[in-house]
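> Sequence annotations record features per position, and here TrEMBL assigns domain 'Enolpyruvate transferase' to 7-407. Among the features that TrEMBL reports, phosphoenolpyruvate binding site is placed at 22, 23. Annotated UDP-N-acetyl-alpha-D-glucosamine binding site per TrEMBL: 92, 121, 122, 123, 124, 125, 306, 328, in sequence order. Among the features that TrEMBL reports, 2-(S-cysteinyl)pyruvic acid O-phosphothioketal is placed at 116. What TrEMBL lists as active site, proton donor is 116.
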Ligand code: EPU
């Protein structure tokens, strides 16, 4: 078993660079499966979700060359075979292969996706969109089969009852090679959706409106070669900014697109966090007294659910009481008992997290129950007096590129040990 061990209480300083966005790249790689030529991605983060996606692409017949942060993918040899079940099961974003296989072959046999346990995470809206585009869904043992009669999806008009990132991107991926025009209404507006549309358009797709709540896709027959820079990870950026405010004595977080973080920065401003917004970085000063705030997560451009857990340790430093409500995943509260184990005055009532501060945390053995809970525990461990041991660290390594190296460079006493 591997653990992250932190000896906390040390003030950190220096510069930390944000990597390419996990939630973009996990869609970009499956989207490239549609290409009729070689596609290159730059700024690919060193996270285990990327390792898994590359493995799936190779098993399907793609040729992939990875050099540092650059990925060259030649998907021309991809075969129409069932997707490897075990791998699919290990990460949620594998559902993007449904869209790309359907788009390329008009059919797909796939396992059901896995991912972090944040409560129920259905994929009914993905399937509803595929069905509206002419695919029939059936189940064969552990696998799901998606198939069109004509061998090609057709364009249609789709309205999503819930704003969903995954189903918006998946429909977009499926529609780029469909026959005719697809319109997605009540589409999600996250920056990762624009990133995927940019890649596809540069390959020759005809997508308009990504980043608004109506996206229109005119199907094309051919998608060619391109080279694409993955956008910076706004969630990783927010995680480091919160960490810097909690334990930094002057930290510059670089490769940040401020426009993607406005609601998050606004909340930190409300807390009294002192920072300077620079051209593509944010300098976070050493903080004095912080004010408590109430946070409600919402679809973009609202406060991101993925930043709710990473910001919680910082909230614990504020003087007074505040609350946090996750309206996207109301069961995303597994970090709360772990923080309480470290001495935090924090609890959940129903799906509301309530905290009272300020808190001095104490190192303890804790468990990362999911990716962002893990990020919260790393920050908490750095804030705490004494030694924190975090188990289940595979969740953290799925989404934070070189996290140990990045924190060590800031002066953190952090390591991974094998037991
Ligand atoms: N939903 C449905 N049916 C569907 C799809 C979604 O009911 O078919 C519901 C979900 O249960 C949820 C809401 O709609 O309540 C929004 O879910 P969404 O589809 O937007 O989530 P996702 O696409 O599965 C992505 C990110 C998550 C992030 C959410 C924020 C990826 C690979 N994952 O998930 O990222 O929390 O959007 O909406 O892009 C993370 O990075 O830690 C993470 C979990």
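Sequential numbering from 1, following the chain as shown.
Glycine is treated like the rest: Cβ placed from N, Cα and C.
All annotation found in TrEMBL is predicted automatically rather than curated by experts.
Can you tell me where each of these features sits in the structure?
Restricting the average to the domain 'Enolpyruvate transferase' (7-407) gives a pLDDT of 95.
Counting every protein chain shown, 24 other Cβ atoms lie within 10 Å of the Cβ of residue 22 (phosphoenolpyruvate binding site).
Around residue 121 (UDP-N-acetyl-alpha-D-glucosamine binding site), taking its Cβ as the centre, 14 other Cβ atoms fall within 10 Å, counting all chains.
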> Write down the Cα-Cα distance for residue 23 (phosphoenolpyruvate binding site) and residue 328 (UDP-N-acetyl-alpha-D-glucosamine binding site), rounded and given in Å.
16
